[in-house]
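Novice: There's a structure below that I have some questions on.
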C-alpha cells in the first residue's frame with residue numbers, strides 16, 4: 001500500500017485494475033468499427049461488476065466458517081484482498097448474458113471478444129497475490145507464479161487463435177478447457193486445510209472439470 005495526496009492505494013487492487021484494463025483494451029482492439037466498440041464499451045461496467053460480485057461471493061463462501069462468520073463486516077473490505085476467480089468467471093459471464101438479452105448482443109461472439117485478454121488479466125492479478133503474501137503451495141511452492149506463467153501461455157494460445165477465423169464460442173471454449181486444466185493441475189499442490197471442499201473434492205477441481213466439459217461442449221456444439 002502507498003499514498004497519493006492522502007489517498008491510500010492498495011497494490012492488490014491496483015494490479016487487479018491494470019489486469020481488467022488490459023483485458024478491455026484487447027477486447028476493443030478486436031472490434032473493427034466504432035459502433036461495435038461503443039456497444040462493447042457499454043457492456044464492460046456490467047461484466048466487471050458481475051465479476052467482482054461473483055469473485056467476492058465465492059471467496060466469502062470459501063472462508064465463511066473460518067473467518068467471515070466472526071468478522072462479517074470484513075465481507076465488504078474488497079481492497080484487502082480475497083477474490084475467487086471461478087466466481088469472477090461465473091459472475092461476469094452471467095452479467096454479460098443478462099445484459100446481452102436486453103441489447104440483443106451475440107452472446108458467444110461477444111464472449112469471445114472479452115475472453116482473449118482474460119488470462120493476461122489473471123496473470124497480472126496473480127502478481128497481486130504475491131504482494132498480499134497469498135497463494136503458496138503446501139511445501140511453499142509459489143503457486144501464484146506457476147499460475148501466472150500458465151495463464152500467459154493460455155493468453156498466447158488465445159491471441160494466436162483469435163487471428164484465425166473461427167465459429168462464435170470457439171475462443172471461449174478454448175479458454176474454459178485451458179484454464180480448467182490449469183486449475184485441476186495446480187489444486188493438488190495447495191494446502192489441503194485451506195481448500196473449500198464438497199464431498200471431499202476441492203471446489204476448484206469441480207469448477208475446473210465443469211469448465212473443461214462446458215468448453216468441449218461449446219466447441220463441438222458450434223461445429224455441429
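A Cβ is built for glycine as well, from the same backbone N, Cα and C atoms used for every other residue.
Worth saying up front: this structure is predicted, and the values here are computed from it rather than measured.
Pasting the feature list from TrEMBL:
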type: TRANSMEM; residues: 9-28; note: transmembrane segment
type: TRANSMEM; residues: 43-64; note: transmembrane segment
type: TRANSMEM; residues: 76-99; note: transmembrane segment
type: TRANSMEM; residues: 143-162; note: transmembrane segment
type: TRANSMEM; residues: 169-186; note: transmembrane segment
type: TRANSMEM; residues: 198-220; note: transmembrane segment
Novice: Go through 43-64, 76-99, 143-162, 169-186, 198-220 and flag the stretch with the largest number of C-beta pairs under 8 Å relative to the transmembrane segment (9-28).
Specialist: 76-99
Novice: Where among 43-64, 76-99, 143-162, 198-220 do we find the most Cβ pairs under 8 Å to the transmembrane segment (169-186)?
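Specialist: Most contacts with the transmembrane segment (169-186): 198-220.
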Novice: Same chain, outside the transmembrane segment (143-162) by at least 6, Cβ under 8 Å from its Cβ: which residues?
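Specialist: That would be 30, 112, 115-117, 119-120, 122-123, 126-127, 129-130, 134-137, 170-171, 174-175, 178-179, 182, 186, 189-190.
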